[in-house]
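A.B. asks: My questions will all concern the structure given below.
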């Protein structure tokens, strides 16, 4: 499909003559045919994300559960304390290069949907659909599930100090958390952004506590593991493949740096605030992550860190004494905010995909009064609950990290191709060509060695993406489907509209259309 209008027409054309007048009237009312002239009265996604909230979305999505899970995986694959710290710093640097490229794409193609919207605009429907398919099927539900499980494990840890929290209890608490935050996001964009602001501050305070305590330990002389003579003592001979896997583990902790691009249409003055938020947030997170890992090694030996399933809790038990309960609560607050951020942004990916005609167009509708994409939020919630009972956390992180990196590389390669394809587009930000090339070199090396070291894990990621090819040709490319298919789609859409009280948004196309230099001059 070429967009929402075409998907509406093709889904409505077949059964239109057979639909009785009584059914047509409520559908017309529900689709909002009473046009609203005032911009403030239009049923559309509201621009309620300022610079502070934009920074909170980036920081809140990056700092979820990764910094509390990935230190173990990074150290395990790096083989030494010193190399693991180098991986964390370089991971932040690579993240900064990627974010600069996404800043250019975000102000050039000011659509919500992030990677998916950019790739669809640049390479066409099939490539965009494959990214959408893998993201909706595994990438974002898996990330949400991992963060939710981390939340429940840290909340339940004080009650099960000498054993692992029960399987059923962790899944149940994770599900309750996801359902509650889905309700919040369905109710109000303002509520969701306020929660994000508050919990972003809370997670920065939690990491700040770890950093301060760690620095106190260093000042007292407890930094044996950080001495150069010991920091580079390898438990095994380092290999490029293992270092690549260490970078994949670190990339999980940094994943989410591009998520503000998923909600571009809800950002106030996106061509100004989107790049500003990126340039503020990425260096801050890199600094916090590096100092947090230094703090861990100031009080824990590498063996203790590798043996811990809850690194921050172990850290608190060793150094905070009777106040050790603060640590699991702080981590729980951090992951709670991460779940909210991922739900907020991943639902906009489903919304953007449906608007392009790549998903059922019910998902492109928003609530008539709250202006929130309720159907898309419900799909994200349901997919996450299904994933909660599947897989082991460590393997899930590898799947997600590989698919994440694959999508990042394709998108940034698209930036170079788009410069050649559309040289006259207005680009308020235009990074040096060395930035995307440097990122792509690193990307190719990392994926190549990861594929060599973990062919099954990485191969599964590729297979998951390629399963979307037949789905695309049957569900999207095939336009003349049997009439019964259109009847079923319209019936499901009608029921969904009634249940969720949703309509198609009334969009201002001038806000999401790429501009040329002549367009800017005419304005």
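Cβ from N, Cα, C; glycine included.
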A.B. asks: For the record in TrEMBL, which of the ranges 431-453, 500-522 is the transmembrane segment one?
C.D. replies: 431-453
A.B. asks: Among 25-45, 172-192, indicate the range for which TrEMBL gives the feature transmembrane segment.
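C.D. replies: Here TrEMBL associates transmembrane segment with the stretch 172-192.
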A.B. asks: I'm a bit unsure how to read this: which one of 81-105, 126-152, 172-192, 374-393, 399-419 has the highest number of Cβ pairs shorter than 8 Å with the transmembrane segment (49-69)?
C.D. replies: 126-152
A.B. asks: Let me check one thing: do the transmembrane segment (172-192) and the transmembrane segment (374-393) come into contact, meaning three or more Cβ pairs under 8 Å with sequence separation of at least 6?
C.D. replies: yes
A.B. asks: When each of 81-105, 126-152, 319-345 is checked against the transmembrane segment (399-419) for Cβ pairs under 8 Å, which one has the most?
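C.D. replies: Answer is 126-152, with the largest number of Cβ pairs below 8 Å.
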A.B. asks: Checking distant contacts: for the transmembrane segment (126-152), what same-chain residues at least six beyond its ends satisfy Cβ-Cβ under 8 A?
C.D. replies: 64-65, 68-69, 115-117, 119-120, 165, 169-171, 173-175, 177-178, 255, 331-332, 335-336, 338-339, 342-343, 346, 349-350, 353, 356, 358-359, 379-380, 383-384, 386-388, 391, 393, 396-397, 399-400, 403-404, 407, 410, 461, 464-469, 471-472, 476-477
A.B. asks: Could you check if the transmembrane segment (431-453) is in contact with the transmembrane segment (81-105), meaning 3+ Cβ pairs under 8 Å among residue pairs at least 6 apart in sequence?
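C.D. replies: Counting Cβ pairs under 8 Å, at least 3, so yes.
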